């Protein structure tokens, strides 16, 4: 039973390794490269024979169709074609070299273009595929027209050159991708509490509220008398209180719940796939957990804490995120007016 899942995972990993780092940028770049290849093909045909030959027209038309498809279809449907674009470019270079019987520098220099593009735009797997196909095309050209010794030398030089170019650019792309991922992670994580940021919460709430269903609830939480904690124990004490409550929330929430810091002493928990009664029970457990777990500061000082929480349940037919926030806020103020340290639901 595990084999299909494993096979699917392997297939997804392979497709990911062949894909572009930035699909939109890669698609645009591929379209530009294909258009340049078309013009080169047509220009070479005219310069070589004085007129356009049928093979040139057929090749140019095929590439033009591929370019149009790249530009017209959605990004998710054109992802495989982005990998095919440099391969089509290699095929066109081989075709032009064979047609002109050119295995010299002018015939070989264009082989570097698909590799540069692939190394800059594709992940490592896709770039390596383009390098291998490019070297195969180079071998066809040089061994077709050059003496064996000269062909071997040219092929070796180009192999080293393309490998170095691919390695340097691909490595640079990997480093850049990691930096972008780190920045994205930092933008989504609150530096003090380690909880998700308001930005992450807003995106998740918008999606969940739109879908509706029977199992989406939002809990907005306020740390009671937080100003008093700050005034009594200083800002470090206030930070410790926030960190302590955040850790308790994470402990008592599920892995797929979105636990976020909205700002200041206001926190939130978005619960999906949780029926309303279960959501109310779990929200009450959060209130109880904070009340039963006082903060212990350095020096043995114990600080009792409590939270007020407002629970709003998303209607089955969905709603706007703003409406869900407003209802949870209203419930929170109801809890605070009732004496703090409690849960109110709407």
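Every residue, even glycine, has its Cβ placed from backbone N, Cα and C.
Here's what TrEMBL has on this protein:
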type: TRANSMEM; residues: 29-48; note: transmembrane segment
type: TRANSMEM; residues: 54-71; note: transmembrane segment
type: TRANSMEM; residues: 78-96; note: transmembrane segment
type: TRANSMEM; residues: 102-120; note: transmembrane segment
type: TRANSMEM; residues: 127-146; note: transmembrane segment
type: TRANSMEM; residues: 152-170; note: transmembrane segment
type: DOMAIN; residues: 214-346; note: domain 'GGDEF'
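Long-range neighbours of the transmembrane segment (102-120) within the same chain, counting only residues 6 or more positions beyond its ends whose Cβ lies under 8 Å from a Cβ of the stretch, are 29-30, 33, 40, 86-87, 89-90, 93, 96, 126-127, 129-131, 134, 137-138, 141-142, 144-146, 151, 154, 158, 161-162, 165-166, 168-170, 173.
Highest Cβ pair count under 8 Å relative to the transmembrane segment (152-170), across stretches 29-48, 54-71, 127-146: 127-146. Taken as a whole, the domain 'GGDEF' (214-346) shows an average pLDDT of 93 in this prediction.
Shown for the domain 'GGDEF' (214-346): DSSP residue counts in helix, strand and coil, namely 60 helix, 35 strand, 38 coil.
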